[in-house]
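Feature list (source: Swiss-Prot):
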- 27-169: region 'Dimerization and phosphorylation' (REGION)
- 43-125: region 'Disordered' (REGION)
- 88-98: compositional bias 'Low complexity' (COMPBIAS)
- 99-109: compositional bias 'Polar residues' (COMPBIAS)
- S131: phosphoserine (MOD_RES)
- 288-404: 3',5'-cyclic AMP 2 binding site (BINDING)
Amino acid sequence: MVSEECRSGLAAFQTAVNENSPDDFFQYGANYFNKKLEEQRKLSRRSAVSGFKSPFASSDPHAKESDNGLFKNSFGSGPFGGNDDPKSNSNSNDSGNGMRSQGQGPTDRNSPEALGNAPIPNNFNALRRTSVSGETLQPDHFDDWQPEHYKEKSEEQLKRLEKSIGKNFLFNKLDSDSKKLVINCLEEKRVSKGTEIIKQGDEGDYFYVVETGTVEFFVNNEKVNTSGAGSSFGELALMYNSPRAATVVAQTDCTLWALDRLTFRKILLGSSFKKRLMYDDLLKNMEVLKSLSTYDRAKLADALDTKIYNAGDVIIREGDRGENFYLIEYGACDVTKEKEGLVTQLKDHDYFGEVALLNDLPRQATVTATKRTKVATLGKSGFQRLLGPAVEVLKLNDPTRKHD
């Protein structure tokens with residue numbers, strides 16, 4: 001039987017994912033658990049207890065990996081060099097929390113793995129050998145990979161699927177090509193009331209999105225939750241190669257969309273990897289970011305979003321509340337002030353929007369695109385957390401501050 005420590009830890013992780021909706025779920029999970037591991041070991045050292053006490057005791061099948069960090073770098077050597085630093089957390093709020101399937105459906109309680117304090121199944125076998133344990137994914141080899149279940153969807157199916165997965169946090173950050181690939185790899189499954197969709201303790205094979213109907217979650221034959229249209233379940237077992245933590249049964253007739261394990265992992269990993277590649281040159285060539293380590297750049301790349309503006313579009317307006325920091329990938333912008341007119345012009349690899357975030361002030365100027373301009377944006381919450389030492393450089397260059 002799995003310990004209370006393990007149950008509460010999983011529940012805390014579920015809630016954390018809900019609250020943060022991380023762009024890179026795999027990296028977030030790795031950072032979250034490695035940080036918890038580091039905290040646990042510090043406490044253990046203070047208590048003169050050697051080592052980390054695994055929730056699986058001497059039967060922990062992951063003990064070897066735990067000694068080297070709970071999760072290894074999914075991206076191999078990658079464009080940023082070595083392994084990811086297990087001591088960093090890519091999302092700041094890890095106060096305990098878990099997985100949430102967004103959309104019309106349920107909250108975090110409605111994922112089968114989001115079981116709160118429900119008991120772990122009796123047949124949750126930590127020593128079970130799963131066939132996916134040797135699944136090594138190399139994102140830089142994805143160009144040669146062809147999904148097994150790819151099938152072009154009809155217009156009617158596409159509309160249904162866009163509605164079903166459009167707000168699901170696992171997919172809403174995918175680029176258009178990756179999202180199209182996901183949609184065309186989904187398999188429609190219609191199940192009758194009473195059908196057992198997944199069984200606790202079994203090996204994870206599919207991730208499911210509920211289009212219509214309601215499903216129930218059971219642990220040790222005890223009902224713990226229900227979930228409806230727009231929700232999803234089955235993700236954790238695929239991500240971490242762990243047995244199913246619950247049995248899921250159709251409470252009504254249901255229409256489900258299923259994504260197989262390999263496609264699920266490759267699309268999500270591949271998307272994050274390509275995003276890092278895309279932003280690598282931009283971040284390395286920006287003088288203000290020279291102080292960032294390769295790992296810090298990787299975390300920053302994962303958090304960036306892309307926006308494109310056409311000539312004449314106002315990107316930020318003087319007096320507005322500042323919510324984002326901007327890095328120009330390509331293009332040109334005019335910076336103007338109401339009383340001063342044109343102040344300066346910006347070009348490739350310049351940045352703007354930092355003053356409002358550094359000083360918690362309204363926007364100090366208006367920035368307008370003068371031709372087609374592509375920018376990478378970083379939200380306010382990630383500004384201090386991810387820019388690290390680069391924030392000090394930004395402060396030194398802050399035009400609103402007096403320097404000696």
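Placed from the backbone N, Cα and C atoms, the Cβ positions cover glycine too.
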Coarse DSSP state, helix versus strand versus coil, of C333 (3',5'-cyclic AMP 2 binding site): strand
CB contacts for R363 (3',5'-cyclic AMP 2 binding site) [other CB atoms within 10 A, all chains]: 18
Protein Cβ atoms within 10 Å of E318 (3',5'-cyclic AMP 2 binding site), excluding its own: 16
Where A303 (3',5'-cyclic AMP 2 binding site) falls in three-state DSSP terms: helix
Count of other CB atoms lying within 10 Å of the CB belonging to C333 (3',5'-cyclic AMP 2 binding site): 26
Secondary structure of L378 (3',5'-cyclic AMP 2 binding site) (DSSP, helix/strand/coil): strand
Residues that sit under 8 angstroms from D348 (3',5'-cyclic AMP 2 binding site) by C-beta distance, when 6+ apart in the chain: I328, E329, Y330, G331
Set of same-chain residues at least 6 away whose C-beta sits under 8 angstroms from L378 (3',5'-cyclic AMP 2 binding site): L300, A303, L304, D305, N324, F325, Y326, L327, L386, L387
Secondary structure of V288 (3',5'-cyclic AMP 2 binding site) (DSSP, helix/strand/coil): helix
Residue with minimal Cβ packing [other Cβ atoms within 10 Å] among the binding-site residues V288, A303: V288
